[in-house]
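Participant: Have a look at the structure that comes next, please.
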């Protein structure tokens, strides 16, 4: 019996001791949790934050003052991490380990401060303090601190009011600071996230390295749910130790203008390529900047030479070497001619017809362009020139043929305007219409005929015949000049409504013989072959 009671007392004593130990641990755990969720009296002047996941449970007055100056964010933790990331670049990575390790200390990148973090039962306690080496031993100048705080607020407000994104990145490329426009662009590209994390996901992706001589690059972004591409020109420059400062300016209108310009230039190039006229455009420095395939065909110059952007003088010298320019008598004359060509082209007054040694004929025109550029146009007018020469030859031969005829000839165009006469006409009627500057009609011409001839009924019929446009048949009639000569007048219709009128003096007519009465008009005769 005694043994049984002794054993029972030992068991109860052990149970009571274990219960006391568990109660002690529970009390310590509650005190620890209570300490993590609250502040001691001496902690009210320190910078301490208490978080439940991303939600701020409590903070000391200095901590709340710091958080009030934090950049905008979707959560309290996003705002605080955005504020602390420049000094603690690996904050996001290390704080994710807090639940596992329970406690950690992060030194700042400049060694001036440190962040102590503790975790218990889903609650994180963050204590921001100066390091032992840099902790001040004297009171802070509150006036200087207030001035610096005001300046900080002013600079942050200024950065947030900028209409274009500005941000900083560390040596590893992670974002250490950004303004509100950058965060708004993140929302546009990746969508609005109520739990925005820090650092934000870059809207421009990974930026390639830029040329130090030209630290600008153009990047396009596509908004979420929209296929429209928006273009930004990103500038960057070194900032601090290992950091870089970026700014992005929207250039949608510039890109649109450049695209339109490129399309226009492409259209012009295709148009120039199809032109039969050779085109050579020289810039203000007189170097060849643009030419079309027709220039190669007309000048026979090598494409390699033209692609090398020769000067205008070298271009013309090359034409001379290939005998594609009129050969002057001597080199001095050639240089004088060249200087005249350039000056006239600049003034827009140069236009010449080049007769080449090989027989071709080119029309070369110089035209000034904006910004001092000059364009030379080469046209092959060999066929046109040959046709004009042949036409002039035909006219000369035709006139010579008319002049060789013994009868006086006058040709009227449709409507009755005198077109041409021959030498016998001028001799018979004493006037050469070719010396008259104005056009002569059948009425004007017939007044002169009537003045030199006896009255005759043929004149009204002849006038009506010349001005008619319907079908006509040739006729002839005799008239008597006032000097007594008898002349046979014949009217013949020509193709296209023209009319030929000729006057043939009758053989054996005496100048003294003059009729007492006008001769009757003979009946119209059929067209003569």
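Cβ atoms here come from the backbone N, Cα and C positions, even for glycine.
Remember, TrEMBL labels are computer predictions, not curated facts.
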Participant: When you get a sec, could you say which of 6-28, 29-51 is annotated transmembrane segment by TrEMBL?
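Facilitator: That would be 6-28, per the transmembrane segment entry in TrEMBL.
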Participant: In the domain 'PAS' (153-224), how many residues does DSSP assign to helix, to strand and to coil?
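Facilitator: The breakdown for the domain 'PAS' (153-224) reads 20 helix, 16 strand, 36 coil.
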Participant: Is it possible to list how many residues within the domain 'PAS' (266-333) are helical, extended or coil according to DSSP?
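Facilitator: So the domain 'PAS' (266-333) is made up of 34 helix, 11 strand, 23 coil.
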